[in-house]
Amino acid sequence: MANVVVVGSQWGDEGKGKIVDWLSERADVVVRYQGGHNAGHTLVIDGVSYKLSLLPSGLVRGKFSVIGNGVVVDPHHFVAEIAKIAAQGISVTPDVLRIAENAPLILSLHRELDALREDSNSGLKIGTTRRGIGPAYEDKVGRRAIRVCDLGEPETLMDKIERLLTHHNALRRGMGAAEVEAQVIHDELMAVADQILPFMDRVWELLDERRKRGERILFEGAQGALLDNDHGTYPFVTSSNTVAGQAAPGSGLGPTAVDYVLGITKAYTTRVGEGPFPTEQDNETGQFLGERGHEFGTVTGRKRRCGWFDAVIVKQTVRTSGIHGIALTKLDVLDGLDEIKVCVGYELDGERIDHLPASMGAQSRVKPIYETLEGWKETTAGARSWAELPAQAIKYVRRVEELIGATVALLSTSPEREDTILVQDPFQD
Ligand code: GDP
Ligand code: IMO
Ligand code: MG
């Protein structure tokens, strides 16, 4: 019996959705514990694709799922996403989904502030998803957020909104934006309250009880460790902790609830939005990876930046997230390349280093040191057993394991659910 955390080990879009869906067959509960609808998790089952942003990926298998308190919830998006997957035949009712009563809400003013900041000439452009994630987390930490449970107390909701607006309207005046009236926010929330409240629950207690009954919990991370607010490429990060440790406070369980950490790792590297990316290939190689890997953002449709595998950052994530094993995804995208490069260290101001430095300046100056491996001409796409892999592909996998200090537990060879090779079951560790 084990509870497993799935965490992105690069800059997001590593294939977490596919792996969570695959693993959820073995789990009893699937929990989202951070982020919001900035995430875009794609699952492909028998050629049909499902795109989830806020809802846990376990729902596609009908697994009992939870949106933990560490998630920021846009209530209108919540309702819309449920409708969207209902149209694909997946029914989401309170029988299969609960939301933490203490989860903070994303309001229209958060979305507007996100966009105002991104569009301002004086600000630092992060290239956010413009979904209000950062501003909503700021209000949570600032102790003025409206939370799910507040929807159930309409008599005091107006006071809370007014208190929130003393902050936001001052900010908006300073940015030259129109002030917001409390009634507008009140109406916006009341329009969806009845559709959210049936899902509300004391999630910390529910999860603890299920855990004690011996149920297996699968924690579904969003984004990736390099987008972590503390450990990522700050300030080009998201506004939550994305490292595996967040699974506990983001769901209301203690750290001892986690038994195994699975790092989802793409066989090359991608990033959406601004910020340092040492192994980026703004050339034919990047174009090849982008086209082969269909590297377009699920949420914003933006083209993802592509580059070689960076063992330095993944090795760092193995340490900052306490990764036991990895799920290596998109190996098939490398099929047909004559040679494949892997970053094994950085050069910073004439010195060799083996970590990503913390400062923004140093991060932008590091130069990758590459090792070149021989590619393979055979196809790995759709392989379902280790024996189907060409020798050079196995060599590549083994070298990645050596460089990052973690072994491959799962290998993914296409977007399809079943094109997955199990090497070591995280739930049986
Ligand atoms: P997530 O945010 O980590 O869930 O990843 P995304 O869903 O945003 O992006 C990963 C993309 O790669 C999705 O379109 C998946 O369907 C696809 N994908 C996942 N695993 C594989 C794989 O092994 N091979 C290929 N070719 N595509 C994959
Ligand atoms: P999944 O779960 C890739 C990036 C944005 C931007 C930065 C901050 O699908 O892996 P935000 O809107 O969060 O304030 O944007 O973080 N970003 C992601 N990049 N995958 C994601 O999620 C991301 N979620 C946010 O592009 O650079
Ligand atoms: Mg994604």
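The backbone N, Cα and C atoms fix where each Cβ goes, and this holds for glycine too.
The feature active site, proton acceptor is assigned by TrEMBL to Asp13. Note: Asp13 (active site, proton acceptor) has non-local neighbours Gly40, Gly224, Lys266, Thr270, Val272, Glu295, Gly297, Thr298, Arg304, i.e. same-chain residues 6+ apart with C-beta under 8 A of its own C-beta.
The feature active site, proton donor is assigned by TrEMBL to His41. There are 27 other Cβ atoms within 10 Å of the Cβ belonging to His41 (active site, proton donor).
Here TrEMBL flags Lys140 as active site. Under the DSSP three-state reduction, Lys140 (active site) is assigned to helix.
Other Cβ atoms within 10 Å of the Cβ of Gly12 (GTP binding site), summed over all protein chains shown, number 30. Among the features that TrEMBL reports, GTP binding site is placed at 12-18, 40-42, Arg304, 330-332, 412-414.
Positions annotated as IMP binding site by TrEMBL: Asp13, Glu14, Gly15, Lys16, Asn38, Ala39, Gly40, His41, Thr129, Arg143, Gln223, Thr238, Arg302. In this structure, Asp13 (active site, proton acceptor) belongs to neither helix nor strand by DSSP; it is coil.
Annotated Mg(2+) binding site per TrEMBL: Asp13, Gly40, in sequence order. Under DSSP, Gly40 (IMP binding site) is assigned to coil, being neither helix nor strand in the three-state scheme. Of all Cβ atoms in the protein chains displayed, 21 besides its own lie within 10 Å of the Cβ of Gly40 (IMP binding site).
As annotated by TrEMBL, substrate binding site applies to Thr298, Val299, Thr300, Gly301, Arg302, Lys303, Arg304. Non-local contacts of Arg302 (IMP binding site) by the CB criterion (under 8 A, 6+ apart in sequence, same chain) comprise Gly127, Val272, Gly273, Phe296. Reduced to three states, the DSSP call for Arg302 (IMP binding site) is coil.
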Problem - Proximal but sequence-remote residues of the same chain as Val299 (substrate binding site) (Cβ under 8 Å, at least 6 apart) - result: His37, Asn38, Ala39, Gly40, Ser53, Thr129, Arg131
Problem - Sparsest-packed among the binding-site residues, when each Cβ's other Cβ atoms within 10 Å are tallied, from Thr42, Thr129, Gln223 - result: Thr42
Completion exercise
Going by C-beta under 8 A and a gap of 6 or more residues, the same-chain neighbours of Lys18 (GTP binding site) are His41, Thr42, Leu43, Val44, Thr329, Ser412, Pro415, Arg417, Thr420
Problem - Integer Å distance between the CA atoms belonging to Lys303 (substrate binding site) and Leu331 (GTP binding site) - result: 20
Fill in the blank from the handout: Least surrounded, by Cβ count within 10 Å, of the binding-site residues Gly15, Gly301 is Gly301
